[in-house]
Structure formats: structure tokens, C-alpha cells
């Protein structure tokens, strides 16, 4: 999926506003994913998955850091996320549908924390961004 110049601007502006809260929001989105889509828990048998878990927060920060990297490389997502794509496809073997689940929970989390800034245009741009990231992460599954 190609991000338009307006999409790129919306993604960058949103990520700038998120700033230091990215890790917190990543953890919250991951908690939402586990609560809303319990099958996603199967990839984390070694984690304490209770609400507020330090392990979930730490992994949520990793997710947020990867998205921050992606937001900084919107013109080369495959290059920026190549190692992460290899990891998810070849080692972790995460079912691609889980990226859609997490993307949805990220949108909900961001909208709940920034309702005024979460306009329909921003929502659409972030949805396209998360979809593009998901496409890159699943590109090496073939």
C-alpha cells in the first residue's frame, strides 16, 4: 500500500505527538490485543500476561520502537523492517492475522489518548501505515 504525501505527513505528525508515550501506548495496545483476541496469547507462553505486566509493557515498547523506526523511514519500509520481517516469518512464525489485530488495537489506543487529533484523515492515514507495516512484516512468509 502506497502512502500519499498527506498520509506521510499525518503519520509523522501523529508520531511526533506521541513522542515519549509510544512505549506506554504500545504496551496498552498489546494488552488490548490479548484481551480482545485471546488466541494471540499463544505466542507468549513464557510471559506474565496479567494487566500491567512488566513483560507486556516491555514488549509493547519493542513494538512501539519498531513503529517509530518505520515512521522515520516511510519511503523505505522494507529496508527499515527487513530484520524484523525475517524474525517474524522464519523464527517466530506469527500468524499474519495477528498484525491486523494489533493494528486495530493500536488505532483504538491512539484514539482514546488523542481524540481531538484523531480526525478521520489521521485515522485513515494511520490505518494505511499499519497496513503497510503489516504487509512488510508478512512479505517474507512466502
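Positions of Cβ are set from backbone N, Cα and C atoms, glycine also.
Note that the structure is predicted; figures quoted are calculated from it, not measured.
Quick look at what Swiss-Prot lists:
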BINDING   59  O2 binding site
BINDING   88  heme b binding site
MOD_RES   4  phosphoserine
MOD_RES   8  N6-succinyllysine
MOD_RES   12  N6-succinyllysine
MOD_RES   17  N6-succinyllysine
MOD_RES   25  phosphotyrosine
MOD_RES   36  phosphoserine
MOD_RES   41  N6-succinyllysine
MOD_RES   50  phosphoserine
MOD_RES   103  phosphoserine
MOD_RES   125  phosphoserine
MOD_RES   139  phosphoserine
Practice prompt. To the nearest whole angstrom, state the Cα distance for the pair residue 50 (phosphoserine) and residue 41 (N6-succinyllysine).
Written response: 11
Worksheet item: Of the recorded positions listed here (17, 36, 88), which is spatially closest to residue 8 (N6-succinyllysine) when Cα positions are compared?
Response: 17
Practice prompt. Quick one: of the modified residues 12, 17, 25, 125, which has its CA closest to the CA of residue 88 (heme b binding site)?
Written response: 25
Response to the item:
Note: among binding-site residues 59, 88, least Cβ-dense neighbourhood at 10 Å is 59
Worksheet item: Tell me, by DSSP, whether residue 4 (phosphoserine) is helix, strand or coil?
Response: coil
Worksheet item: Which of 36, 103, 125 (the modified residues) has the most other Cβ atoms within 10 Å?
Response: 125
Worksheet item: Using C-alpha atoms, which one of the modified residues 25, 36, 125 comes nearest to residue 12 (N6-succinyllysine)?
Response: 125
Worksheet, complete the sentence: Candidates 17, 36, 59, 103, 125 (recorded positions); nearest Cα to residue 4 (phosphoserine) turns out to be 125
Worksheet entry | Neighbourhood of residue 41 (N6-succinyllysine), C-beta criterion under 8 angstroms, separation at least six | 34, 49
Worksheet entry | Proximal residue to residue 125 (phosphoserine) among modified residues 25, 103, 139 (C-alpha distance) | 103
Item to complete: Would you kindly give the Cα-Cα distance separating residue 139 (phosphoserine) and residue 36 (phosphoserine), rounded to the nearest Å?
Response: 25
